Each structure stands twice: as structure tokens, then as C-alpha cells.
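K.L.:
Dropping the structure in here first, questions after.
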Amino acid sequence: MMTTNLISQQYQMQLQIKPGQSIQGTYQTPADKSISHRALIFGAIAAGNTVIDNLLVSDDVERTQQALQALGIQIETRQHQTVVHGLAGFNFQPQHSLTRLNLGNSGTTARLLMGLLAKQPHTIQLSGDLSLNQRPMARVISPLTTMGMRAEYLADHGMLPLQILPTTQLRGIKYTLPVASAQLKSALILGALQADAPSHFRQPAVSRDHTEKMLWQFGGCSNLHVEGNLLTVSPLQRPLQAQHVVVPGDPSSAAFLISAALLLPGSQLLVENQSLNETRTGFLRLVQQLAPQAIEVSVSRDDTAGEPRGDILVKHAHQQLPAFQINGRLLGCLIDEIPILSLLATQCQGTTIIREATELRYKETDRLHVITTELTKLGAIIREQPDGLIIEGPTKLHASDDEATVSAHADHRIAMMLVIAAILSGQHFSIEGLDSIAISNPTFITDLQQLLRVESQWDQL
Ligand code: S3P
């Protein structure tokens with residue numbers, strides 16, 4: 001029996017893992033975070049009441065909900081449904097003359113709100129936690145400013161906190177995005193819908209397309225034309241229409257348990273109702289290539305919003321998984337899965353190369369650096385590169401006596417990666433900073449306990 005000590009700010013839990021522990025059962029993946037943010041935002045500007053089934057309950061999504069409420073949007077929660085009373089436009093009515101929005105850790109909230117609020121008669125301040133205040137915002141503010149938005153950085157240039165100043169007009173622009181970022185693309189689409197002429201955006205590579213799909217679902221078919229990597233956005237002439245949005249499971253959350261099931265002998269996991277949107281299935285396609293006989297995907301529902309969903313049956317891989325390569329073209333479809341893929345690579349035979357992934361340095365932490373530091377403490381062989389990682393495998397993960405404590409650095413995806421690493425290692429060690437898991441996946445530990453069939457409880461520190 002080994003004990004992993006999970007430590008958050010106020011609680012700790014001793015997770016007892018037996019040798020030969022497997023993952024078994026059915027997993028209802030928590031709702032998709034990206035789609036949840038967007039459902040609230042589109043609901044806010046549509047005409048009528050948007051009903052959202054299965055909205056993710058997590059810190060990040062609550063930030064979007066609270067920000068919209070502070071801007072005068074009424075949002076009600078009724079059992080498993082959330083109802084957003086739309087404005088039929090962008091005429092937000094904040095409760096105060098100067099609105100201060102605290103966006104916590106949520107980069108998606110910050111960046112999407114910049115586009116949403118680009119043309120307002122109000123002054124709106126945006127700030128975040130320590131991590132969010134260090135993430136790059138100029139990539140969004142700069143093209144929006146070219147469109148006519150007015151913004152002022154309140155501390156460091158290019159970072160939060162900043163304030164959006166009153167503006168009455170936005171111009172259409174032609175712009176090539178410097179990074180394949182869905183957050184940037186979405187902010188630009190939201191801004192361009194309020195401009196006085198069409199905008200043309202070129203993205204360097206594919207990134208998740210939930211904003212595009214949701215705009216079409218809400219009736220904006222004629223406002224967005226996509227041809228390859230070129231997007232043309234025409235201003236809204238009439239309000240979008242409220243919709244019923246059913247949020248599927250989040251592939252980025254499912255990836256942690258899929259990886260554990262692949263690697264732990266005797267495992268069999270049915271992941272239900274996961275999003276199979278092809279801009280999000282990079283991880284799934286990759287692991288299917290590594291272990292084709294271990295993964296079965298069945299598309300169960302393809303809803304009108306164009307967000308396909310389905311079930312995934314994962315079994316222990318039985319054979320040694322080979323090393324793999326990830327480059328910039330694939331990155332956009334699995335960007336949030338890099339932490340768990342790095343852990344997986346430590347168990348694969350050969351040299352895994354992840355490159356053209358500098359964007360990982362601008363996530364909740366510098367993930368290239370933090371993955372290297374924390375997994376190295378567990379015996380992994382990882383070389384950090386300026387734009388990626390080189391990982392040699394397979395290595396037996398172990399906690400050496402003097403480095404028996406690893407840290408999530410307040411990054412939810414690093415925290416979940418480390419919990420899976422602990423289970424794979426079969427060794428005693430402690431993981432600090434687990435509070436951050438609530439940002440995207442508050443039920444992760446309880447779901448994991450159920451699937452591992454272990455019983456332990458959080459104790460007050
Ligand atoms: C997100 C886009 C991605 C992703 C983030 C959520 C979104 O960020 O990493 O977790 O909802 O648009 P970038 O668009 O900056 O790559």
C-alpha cells in the first residue's frame with residue numbers, strides 16, 4: 001500500500017493506493033469549460049432566454065457568470081439548467097459607473113470579455129489573480145485597439161489590470177493572428193460583430209472553434225464565413241436568438257483518466273458524453289494511434305450546434321506504448337493536454353518530441369518549465385527546450401527521499417497530472433497546491449476515488 005498525501009490550503013487527504021490498482025467504471029466527464037464560458041456570453045447578447053444544460057460548475061466559469069451579472073445580466077440556476085436572460089445586443093447596464101471585474105485565474109473570461117466589451121459607453125476595469133495578471137493581453141488589446149477600442153493598462157504594459165474606456169464606434173479590420181489562439185480569435189469575433197464593416201482574420205493554424213459554432217447556432221450564420229484559416233466576420237444587423245445549449249464533457253478533463261486507464265493494468269473505463277469536436281480531439285487521435293486496440297470511440301449524438309459528442313471505451317494498453325511527436329499543427333487540438341501527454345511520454349518507449357509549443361509558456365504557469373521541474377523530481381528524463389520538451393521513456397516514476405514533495409504551482413492541469421503520476425508511481429509522496437483543481441474540474445478527486453475504489457477523506461489541516 002502506498003500513500004499519496006494530497007495537500008490544499010486548508011485540507012489534506014491521504015490517498016491509499018494498493019499495488020496493481022486499476023481504474024474501472026463509467027466516467028461522466030465534467031462539462032466542457034470553453035463551451036460553458038461561451039454559452040453564458042452568447043446567452044447574454046441574444047434575444048430571449050438561453051437555457052444551458054450541464055453548465056460546468058467551476059471557479060473559471062463562475063468568473064464569467066459573475067462578470068456578466070455585474071454587467072446587468074440576469075442568470076438563474078434551476079437544478080441542472082442555467083437560464084441567461086439575454087439583452088438582445090451589447091447594451092450592458094452595469095450596476096456602478098465604474099465597474100471592476102475580478103476574473104480570478106480565468107484567461108478565457110479575460111480575453112473574451114475584452115472583445116465583448118470593446119464598444120461600451122462605460123469604463124470597465126479587468127483584473128485577475130497573480131497568475132492571470134502575468135499573462136499576455138496585448139495580443140488581444142492591440143488588434144481591438146486598431147478596431148477603435150480604447151484601453152489603458154493600469155500596471156505593466158500588456159498585462160492586467162487594465163481598463164476599457166468608453167467607445168462608440170469600431171472599424172472592421174484585416175488582421176493575421178500572430179498565434180493560433182482560440183481566446184484571441186473569439187475576442188476578435190466578438191469585437192467584429194459590433195464593428196461598422198466586415199473584418200477578415202487569418203489564423204496561423206487551427207484552434208478550437210466553439211465560438212464559431214455557437215455564433216452559427218445562435219443564428220449568426222450570415223455573420224461568419226470560414227474558409228480554411230480565413231474568417232470573415234460581418235457586423236450583426238439584428239440580435240442573435242436565444243438557444244438551448246447542451247454542454248458536452250470536456251476532452252481536456254477526460255484525458256487525465258483516459259491516460260491512467262491506458263497505463264494501469266486491469267483498467268476499463270467508459271467515458272460518457274464527451275465532446276468529439278475535431279478541434280479538440282487531438283489527444284484522442286494521438287492515443288488511438290499509440291494503442292489502437294485499447295480505445296473505442298462511438299459517436300452517440302451530433303447535435304444541431306455542430307458539437308459532436310460520444311462515448312469512449314478505454315482499456316489498459318497491454319503493450320509498451322511508443323514515443324510520439326507533437327508539432328505546431330497538432331498543438332491547437334491538444335494544447336491543454338500537454339501536461340498529461342508529457343506524463344504519458346515518460347511511460348512510452350523512445351524519445352518523445354514536443355516542439356513549436358512556446359504558447360505553453362503563457363498558460364496558467366510556464367508549463368514547459370513546470371512540467372520539467374516537477375516530473376524530473378519523480379525521476380522522469382525531460383529536457384526543456386525553448387519551444388518544447390524532449391522526453392525519454394520509459395522511466396519508473398519514483399519519489400526520492402529528499403524530493404518527496406511536488407507542487408502544482410497553483411496550475412489545475414499540473415495538479416491533475418501530478419495526482420495521476422502519484423498513482424502510476426505506486427510510491428509515497430506529497431502533492432501541494434491541489435486547490436487549483438477547482439478551476440476546471442472540482443469533482444476530479446472524488447471521481448478518481450470512485451474509479452479507483454478507494455475511500456479516504458479530506459481532513460482539516
Ligand atoms: C481556450 C483556449 C485555449 C486553452 C484554454 C481555453 C478557450 O487557450 O488553452 O484553456 O476556451 O478558448 P488559447 O486560445 O490561448 O490557446
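The backbone N, Cα and C atoms fix where each Cβ goes, glycine too.
When I checked TrEMBL for this same protein, it listed these features:
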type: ACT_SITE; residues: Asp336; note: active site, proton acceptor
type: BINDING; residues: Lys33, Gly107, Arg135, Gln183, Arg367, Arg413; note: phosphoenolpyruvate binding site
type: BINDING; residues: Lys33, Ser34, Arg38, Ser181, Gln183, Asp336, Lys363; note: 3-phosphoshikimate binding site
type: DOMAIN; residues: 18-448; note: domain 'Enolpyruvate transferase'
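Distances, neighbours, how buried they are, the whole picture for these features please.
P.N.:
Of all Cβ atoms in the shown protein chains, 24 besides its own fall within 10 Å of the Cβ of Asp336 (active site, proton acceptor). In the three-state DSSP reading, Asp336 (active site, proton acceptor) counts as helix.
DSSP assigns Gln183 (phosphoenolpyruvate binding site) to a helix. Of all the Cβ atoms in the protein chains shown, 24 others lie within 10 Å of the Cβ of Gln183 (phosphoenolpyruvate binding site).
Model confidence over the domain 'Enolpyruvate transferase' (18-448) stands at 95, taken as the mean pLDDT rounded to a whole number.
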K.L.:
With respect to ligand 1, which members of the binding-site residues Arg38, Arg135, Gln183, Arg413 satisfy a Cβ distance under 6 angstroms to one of its atoms?
P.N.:
Gln183
K.L.:
Rounding to the nearest whole angstrom, report the longest C-alpha distance spanning Lys33, Gly107, Arg135, Gln183, Arg367, Arg413, listed for phosphoenolpyruvate.
P.N.:
19
K.L.:
Binding-site residues Lys33, Ser34, Arg38, Lys363, Arg413: which have a Cα within 10 Å of Asp336 (active site, proton acceptor)?
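P.N.:
Within 10 Å Cα-Cα: Lys363, Arg413.
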K.L.:
Could you give the Cα-Cα distance between Arg367 (phosphoenolpyruvate binding site) and Ser181 (3-phosphoshikimate binding site), in whole Å?
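P.N.:
The Cα atom of Arg367 (phosphoenolpyruvate binding site) is 16 Å away from the Cα atom of Ser181 (3-phosphoshikimate binding site).
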K.L.:
Given a separation of at least six residues and a C-beta threshold under 8 Å, show me what packs close to Ser34 (3-phosphoshikimate binding site) in the same chain.
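P.N.:
Spatial neighbours, sequence-distant, of Ser34 (3-phosphoshikimate binding site): Thr108, Ala182, Arg208, His210, Asp250.
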K.L.:
Within 10 Å of Lys363 (3-phosphoshikimate binding site) (Cα to Cα), which of the binding-site residues Lys33, Gly107, Arg135, Gln183 do you find?
P.N.:
Gly107, Arg135
K.L.:
For the C-alpha pair, I'd like the distance in angstrom between Gly107 (phosphoenolpyruvate binding site) and Ser181 (3-phosphoshikimate binding site), rounded off.
P.N.:
11
